[in-house]
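Enquirer: Got a structure for you, written out below as structure tokens; questions coming shortly.
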Ligand code: HDE
């Protein structure tokens, strides 16, 4: 008796904390419908209701017979609550399941009317609302952010003539040339079906088996084995439309176009050893980074660049412009900036927006059209199909995140969850009631009338046959450091392959790309006798010149803006130095985070308190772009005893980061086995701060890497 009455008291007091503001569900309702929100209130706070609007008296106890008796099925509130909970999950995306999105806008620089009638490109300075979702490809929704993987870069632009979805990746080429191979490449990379592992990894037999049997994937493999596949942040990666598209102008003239998003803050990736550790320390590393940047007003920005070319160029180019395993180097066709994308607002609700957003390659406004790229053609089929499976109804366009923001009128009706139906008698056209919308040949989307003819065949064009030349071009465009990373990535991945013949088959392909690379990988894998090189469909070329835009290191930032320093402090540390560093970093547009022995913080030499953001175990140096060690002699003495401190310093050094340190921190460097070089920078006084930040803007001291042998 006494027990149950205590419970019900607790429930009453729990209840008083409820409803301090409108529930998320209510907010969604009021926004989604734009209509009046019916609120039941007791005058002070809103009253909790069922989804049908009935006020609820007790949300702590289900209805039962007596205090200890069976629960009653007539408890409609309990039934509805559990029913809804049981149905909260929807299928995750079959690829790109793990993603993170943000709102923003696209601003057009100049009119592109000469090339396209797309409304978004007509007026200089015009802003178009945008929603972007970044993603990994292979892992499931709950996987970690730093998987070695392609990143999705999907942009929805709510133009005044309908939604334009540019559903791209952070890599400009793809694994396959024909959409019919998509299920195969994806099955091979996903967890193996009998054992259901490994999760979010390509380092396993099935993937490399498929790849080594698919020479057209070799160019993509070079990119995926490069640091492009382990970006430091969504903010520091490029996006590519991949396929050749068409611009079509008002005179119905067509220009081919490729789209590239270039981050204003320059390119940056992490190293593999770091990625592995980030995944353990902060599986949401990329999510948190985007969240923190936007919430603090440091809005990430990209420039949209277009490569424009005509049929004459297409006919004369060394490769087929319809082949999605090829790029057009920027030295050959300039990437012209045409606008900028700014992300300035996080969604109010992850599920409603980021999860339910439905991107579709076939969402193009008048003035943008497709090419015959067989991958693009296949995608145009797939994306509509997949939304029906995932979102469960053809009315997924009624979900606010997917609905156009321009006026729209059609006669589609009914179906599950229909929110909008035609009003009035007419739900067809033509009708003689004079009701409803009609098509408009001038304003409407007109497909570019490209002449097409030929036999129906299942044939791959000869012009798609060269699988190695651009893979080599990518490799020779990299700095020595980046080439080393590619060799290490291939070695790592293939070391996880248990079948020796698959490893060898891969090396036989590498021989067609770069002999030195093949030899290094073979040697590191312990392959004693080099296999014969793979038989190429077309003899690879070695005369394609290096292209600088393909390297990350050659396209790094101009400053340390947008980056973060991890500052390790202890009791008795120099408070002025800490605050001077913070001020200087803020001036640079960078931030710092205090890592302390206790998250409660430390007492500095002047008696002031410095609050910790992370305790040392929770803030390893892999989370930062550079580190500073600002400790007192006593603090250093204590910290050297902690394994986490040693890792903090040793990892920062091994990952080639810049390390600023006060003299008292010397024991920490010694304990971590740091051999000072120009990247280990004394911070004796305020005057040392600016050279330290200047050095940090180079991001890494790559010259150190051969000595740390990562
Ligand atoms: Fe996708 N892809 N894809 N893809 N893709 C999907 O659509 C597909 C390809 C890309 O954040 C799916 O809504 C086929 C290339 C991104 O919601 C699905 C082929 C590129 C996203 C699908 C490709 C992409 C997807 C799964 C081979 C870069 C995430 C869920 C022909 C240019 C969008 C969904 C988001 C998602 C099919 C190849 C990018 C199944 C058949 C090439 C960024 O429709």
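Every residue, even glycine, has its Cβ placed from backbone N, Cα and C.
Unlike curated entries, TrEMBL annotations are predicted automatically.
Marked as active site by TrEMBL: 96, 169. Feature annotation from TrEMBL assigns heme binding site to 93, 133, 182, 379, 383, 390. Taken from TrEMBL, the feature compositional bias 'Low complexity' covers 1-22. The annotation domain 'Catalase core' is assigned in TrEMBL to 49-437. Annotation source TrEMBL lists region 'Disordered' at 1-39.
Mind mapping these onto the model and telling me what they sit next to?
Expert: In this structure, residue 96 (active site) belongs to neither helix nor strand by DSSP; it is coil.
Over all protein chains present, the Cβ of residue 169 (active site) has 24 other Cβ atoms lying within 10 Å.
The local packing around residue 182 (heme binding site), expressed as other Cβ atoms within 10 Å of its Cβ over all shown chains, amounts to 18.
On the 0 to 100 pLDDT scale, the model's mean across the domain 'Catalase core' (49-437) is 98.
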Enquirer: Give the helix, strand or coil assignment DSSP yields for residue 379 (heme binding site).
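Expert: For residue 379 (heme binding site) - judged by DSSP and reduced to three states - the answer is helix.
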Enquirer: Expressed to the nearest Å, what is the distance separating residue 133 (heme binding site) and residue 96 (active site) at their Cα atoms?
Expert: 10
Enquirer: Could you list the residues of the same chain, at least six apart in sequence, whose Cβ is under 8 A from the Cβ of residue 96 (active site)?
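Expert: The answer is 135, 136, 137, 152, 154.
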Enquirer: Of all the binding-site residues given, 379, 390, which has the fewest Cβ neighbours within 10 Å once its own Cβ is left out?
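Expert: Checked 379, 390; of these binding-site residues, fewest Cβ neighbours within 10 Å: 390.
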Enquirer: About how far apart, in whole Å, are the alpha carbons (Cα) of residue 390 (heme binding site) and residue 169 (active site)?
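Expert: So the alpha carbons of residue 390 (heme binding site) and residue 169 (active site) sit roughly 21 Å from each other.
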Enquirer: Measuring Cα to Cα, tell me the gap between residue 182 (heme binding site) and residue 169 (active site) in whole angstrom.
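Expert: Cα-Cα, rounded: 15 Å.
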Enquirer: Please find which two of 93, 133, 182, 379, 383, 390 have the most distant C-alpha atoms, given that the record lists them as binding heme, and give only that distance in angstrom, rounded to a whole number.
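Expert: Per the listed residues, the maximum Cα distance equals 21 Å.
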Enquirer: Just checking the binding-site residues 93, 379, 383: which sit within 10 A of residue 169 (active site), CA to CA?
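Expert: Those near residue 169 (active site) - Cα within 10 Å - do not exist; the answer is none.
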